[in-house]
Amino acid sequence: MKKSWMKVAVLTLAMSAMSVTASFAGEWGKVGQRYFYYQEDGTVAKNQWIESADGTGKYWVGVDGVMAAGQWVNTDDAWYYVGEDGLCLTNQMLKQNSDLYWLKEDGKMAVNEWVQNEEGKWYYMQANGRAIKNGWKLIDGDYYYFLKNGVMAVDALVPGGYRVGADGKWVQN
């Protein structure tokens, strides 16, 4: 009788542990101030992107399984930035201190490339991801002038008495 009671107790305990795990399967959980994502098999997701429930964004969980928030993430040979809510920022300019970074549609930081914002203003993102600001830059054989806010000057007279055309290129006299 004692053995069967013990079997029932152990079985009940095991079943309740499974139901706790199942309640977290494919869901977020919070421990203290940290968020974790429990996969369908009940394990904590680590070092990967987790798609948002509505499919409009993604979250990063690090090697410790903790959701990243308000920080840069380096994975797959690219840099991403996740906001304070943990969502990966996309299609926008990020300003940190006085530096500007462009985060593309997939969330990757733009490097060594031109980007255009919603207002049609052009920026050039350097190898370190920062926008060029306040000066000249030789890009693919042409000189361009960038204002102190990082915007490429167009059809203007710039410091030093030089002119740039509608395409932003230096117009040689």
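Positions of Cβ are set from backbone N, Cα and C atoms, glycine also.
Record features (TrEMBL):
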{"type": "SIGNAL", "residues": "1-25", "note": "signal peptide"}
{"type": "REPEAT", "residues": "111-131", "note": "repeat 'Cell wall-binding'"}
{"type": "REPEAT", "residues": "133-152", "note": "repeat 'Cell wall-binding'"}
Field: Beyond the flanks of the repeat 'Cell wall-binding' (133-152) by 6 or more, those residues with Cβ under 8 Å of it
entry: 98, 100, 121-124, 158-159, 162, 164, 168-170
- request: Tell me, roughly as an integer, the mean pLDDT over the repeat 'Cell wall-binding' (133-152).
  value: 97
